[in-house]
Structure formats: structure tokens, C-alpha cells
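What follows is a short report on a single structure.
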Amino acid sequence: MGASAATGMQMVAARPCISASQGMLTSRAAVSRIGRALSTTTGFATCPRICYSSPLGSSKRSGVAIRAMSSESGPQGLPIDLRGKRAFIAGVADDNGYGWAIAKALAAAGAEILVGTWVPALNIFETSLRRGKFDESRKLPDGSLMEIVKVYPLDAVYDSPEDVPEDVKGNKRYAGSSNWTVKEVAESVKNDFGSIDILVHSLANGPEVTKPLLETSRRGYLAALSASSYSFVSLLQHFLPIMNPGGASISLTYIASERAIPGYGGGMSSAKAALESDTKVLAFEAGRKGKIRVNTISAGPLGSRAAKAIGFIEKMIEYSYVNAPLQKELLADEVGNTAAFLVSPLASAITGSTVYVDNGLNTMGLAVDSPTISS
């Protein structure tokens, strides 16, 4: 994780200045009582010190200016603390995607990490972990290595063993693995750990992603929705019973859900639109049923191995760099840090939202690198 993660996972508390010029606060005792009440109800780790000041320097001033100051002792700001929390991250198969970055951010905040890896990629992933090939990218801000407590085989296209077709059961890429449908994985996690607090969906696949929508088959279109959007519904459906109240779930989406991105085809744009719509519905249902928050992160393009299947990911990254308000490289860690915030108590009132982490590209309605504009 980048250096920013070491200190960047903190939200600096604002310092409001409240005037009492109307005589609403007439004594320091009253102010102290209010200060104590605020520190109790907000749940801040450090009680703010209430400082009294008179900018005019006059003892005749009737009002009292109040400024909340952080204590000189103890941690500054609002640290993201996920100690004692357990996260299951579905869709981690290497060390260069958003799923991995989210796992690192949650681990850096203290969470216990479980991952679900696509069955055909399981052997390579576990072997790479065991041989230390990921050790450099496992490094956390404190110098330790992210620990993945357990890796589960997972294919989120199938809800239960009854859904798996015979040709998949006999496929050699699935040989030696068992209990990898969504229902079975949820049951395995329950048997192994009892419960989780955080569920992350980092899954997407469109077998015809390089085809224009007008050339996409029904089978390819539905496959994209099944793997990229319904898989989130299925995961939450099966994991919700073992999620602790107050927990959170997040997924990853893309701006193609609402804008035409030529080349991002095969029904993938539709799948992302469905994912964002489902996020709102699931936020209501999971919130009422299990007190679970549900959000999605609309991340900018990243040159991960999975994204290279699109065929023009490097051009998408360059386009983003040139046209986004923030002309800088988008780091996977920035998405990871956003995820850590969204699943933390600091985001306890945020649910059903699509949060953009793309250097602001989603705000643009005109490509500034267009020859028409540049000329």
C-alpha cells in the first residue's frame, strides 16, 4: 500500500467555531456540559478540548467563542478501526486488482481477511501465496505482511450444487475442489468462523465483452449479468444470515453503467447498471432485515490482468488521465481506502450509494483532448 495509506486512512475532524453572541451560552459551565454531551454522543475516540477565546480581547464581550480542539494526547483525527471485524472478499485471484487493494486496506485497518477465489485460478493463486510471490505487494503501512486467514474456492455463477451443469462438474479445471458454490461457501465460512462483518463483491465477467451490444447473443448478455450483477445478489442473500448487525457490503461498478463506452460491450454496461440499481434495493432490504449497509464504488480504469480482457484498457487509462479533473494516475490503493471508509463505523449513515473514485472523470461531459476542442 502506498505511503498515503499509512496516514491517509484518517479523517481530520473539522474545527467549527460557534458564536454565543446572542447570549444562548451564558456560562462556561453550560459550555462544558454541552462539550461533554457532544463527546459522548459522537463516539469520538478523543474528547475535544473546549477552548474559550475572545478574538476582540475584551472582557466586556457578552458572547463566548467556542472552538473544538483535538487533544494533545492520543491519536489525531478519526482513525478507521476495523479490529475485531472479519471480511470476506469475493473475487481475489492475483495481487494487482481492486479486490486485492481492498483486502490490503481492510487488513491495514485491522480486519481479518478471508477471500473467495475463482476455482480455475485457485491453484495458481495459492501457490503464489505460498511461495512468497506476493510478499512485496502484501506489505502493509506498518511493515507487516497482510495475512489471508483462509482462501475459499468460489464460483459465484452457481448458487448451489444443484445449479452446476454436468460439463462443469467434469471440467478438469474444477477437479480436486469442492463446496465452491455460493451457498456452500457461505456454509463453510459459518462452520469455520461463525460470522462475518464485511462482504466485498469484486467479480465481473462478460464472455462477449469485446462485441458491440448489437452483436451480443442472448446467452452472452445473460452470462454477463449472471457473473457481474446477480452474483452480488446471491452472495448477499446467502451471507446475510451470518453477517453481524451493523456490518457492511460493497461492490465495484463502472461509469459504463450510465455512459456509452464503445468497446465495453457484451452486456457488461447493462450488468453494471443492474448492479447499481440492485445496490439501492439491497440497501433497503438488507438494512431492514439485518441492519447491513450496502454501497458500490464506481472505480476508474485500472490496468489489472482482468481488465486487459477488454482489449483497450491502456487507452482508457490514458483517456482518463487526460480528461479527468485530477490529472494523475488512479491507484488501486485509493479504491481500497475508500472501501475501508465505507465499511467502517465512520460511514454508518451511508447506504444505497454509488461512490465515484475516478479522479472526477464521471463529472466530465466533454473530452478536453478532442481534436475539435484542442484546435
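Cβ coordinates are placed from backbone N, Cα and C, and glycine is handled just like the others.
As written in Swiss-Prot, here are the features:
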- Y254: active site, proton acceptor (ACT_SITE)
- Y264: active site, proton acceptor (ACT_SITE)
- G91, Y98, D155, A156, S202, L203, L252, K272, L302, G303, S304, R305, A306: NAD(+) binding site (BINDING)
- 1-67: transit peptide (TRANSIT)
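Recorded features from Swiss-Prot, shown on the structure.
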residue: G91; record: NAD(+) binding site; Cβ contacts under 8 Å, 6 or more apart: G97, G99, G116, T117, W118, A156, V200, H201, S202, L203, A204
residue: D155; record: NAD(+) binding site; Cβ contacts under 8 Å, 6 or more apart: W118, V119, Y174, W180, T181
residue: L252; record: NAD(+) binding site; Cβ contacts under 8 Å, 6 or more apart: Y98, G99, H201, S202, A204, T296, I297, A299, V335
residue: Y254; record: active site, proton acceptor; Cβ contacts under 8 Å, 6 or more apart: I261, Y264, K272, S298, A299
residue: L302; record: NAD(+) binding site; Cβ contacts under 8 Å, 6 or more apart: G97, Y98, I313, I317, L330, A332, V335
If you tally other C-beta atoms within 10 angstroms for each of the recorded positions S202, Y264, the top scorer is S202
State the three-class DSSP label for Y264 (active site, proton acceptor), counting H, G and I as helix, E and B as strand, and everything else as coil. coil
